[in-house]
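Just below is one structure, and these are the notes that go with it.
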Amino acid sequence: MSWWWAGAIGAAKKKLDEDEPSQSFESVALIIGVTGIVGNSLAEILPLSDTPGGPWKVYGVARRPRPTWNADHPIDYIQCDVSDAEDTRSKLSPLTDVTHVFYVTWTNRESESENCEANGSMLRNVLQAIIPYAPNLRHVCLQTGTKHYLGPFTNVDGPRHDPPFTEDMPRLQIQNFYYTQEDILFEEIKKIETVTWSIHRPNMIFGFSPYSLMNIVGTLCVYAAICKHEGSPLLFPGSKKAWEGFMTASDADLIAEQQIWAAVDPYAKNEAFNCNNADIFKWKHLWKILAEQFGIEEYGFEEGKNLGLVEMMKGKERVWEEMVKENQLQEKKLEEVGVWWFADVILGVEGMIDSMNKSKEYGFLGFRNSNNSFISWIDKYKAFKIVP
């Protein structure tokens, strides 16, 4: 049985066959956003000995110098700012052996029109630096997300689809940088008839990356650690409807597995796929798990005290500095490890459920237990000394 069918945490065999002699590579991956929450999972899974389509050679691209928590992955790390067309061309066009592109990065701007411009330009820069120069290019994976059906974060009162979300739902008649990215992908990829594509739309992602702009698990770990340090109850900062309502999440390893499946399986070509754990949960249940993982006895939802993390974490910078020193954590500022605005968005809504039927019908049967997934990523933030 393929590891993407196993559905367990760590389904991909986390083992490199170090004793094998050097070998030629069947596939060559280029991960754009390798230090991000899914990029980090791709960098761990692609080089494994049993990964489909392999053996894989892996290039990993990120804007910043390589962090210590990413350093063990056997990849060729390239520091490159893909928002800079010249930097992108000079560093990526020499990679003539690339066969597969995994585009899993994004940037955030103040308005959606600026998001469309910035994110569209980044994707175009990458594709124009690779497509004309990589004669063996076979496939491009583009990661977007559930906002395809909801619109941008600012679309509070605007049009949105009713869940469960399915891939055949039409685009909303609003600006959305995901739509811009799709259009650019289609425009650039049609220049080479032999290159195929897939689009992946994960829900809220459970994964590991201190650099991620949408890092819900890491952010909640930091909040819980501060509550534990101060002896405060772990109060749910979001809305009652989010506390009580059904939600779904996407394990970062599962997303990586789906992208690899789509990259190598002929039945998955030129299609868009939702990606979630194929189960549902309530925050009221995960909150108990979060409290247990940090040894907090008093926790829950209290009406009137759900002020949001942006408000609740004001003035906690000195507290975090003390915690970093006391626990010998990685020296990161509070604003680097706690994405409060994003957590407030996520913990203020409910019912963002998308269907996995299409993905299963096409042959991807991977899944995760969201409770176990949540715990496994909490453990990783502790192991890498992001939180105590």
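Positions of Cβ are set from backbone N, Cα and C atoms, glycine also.
What Swiss-Prot says about this one:
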type	residues	note
ACT_SITE	Lys147	active site
ACT_SITE	Tyr178	active site
BINDING	Thr35, Gly36, Ile37, Arg63, Arg64, Asp81, Val82, Thr105, Gln143, Tyr178, Ile205, Ser212, Leu213, Met214	NADP(+) binding site
MOD_RES	Ser2	N-acetylserine
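Listed in sequence order, Thr144, Gly145, Lys147, His148 are the same-chain residues six or more apart from Tyr178 (active site) with CB atoms under 8 A from its CB. The NADP(+) site in the record is lined by Thr35, Gly36, Ile37, Arg63, Arg64, Asp81, Val82, Thr105, Gln143, Tyr178, Ile205, Ser212, Leu213, Met214, and its two most distant CA atoms lie 24 Å apart.
For the binding-site residues given as Ile37, Val82, Ile205, Leu213, the lowest number of other CB atoms within 10 Å of the residue's CB is seen at Leu213. Fewest Cβ neighbours within 10 Å among the binding-site residues Thr35, Gln143: this applies to Thr35. Taken residue by residue with DSSP, Ile37 (NADP(+) binding site) is part of neither helix nor strand, so it is coil. Of the listed recorded positions, namely Arg64, Lys147, the sparsest Cβ surroundings within 10 Å are found at Arg64.
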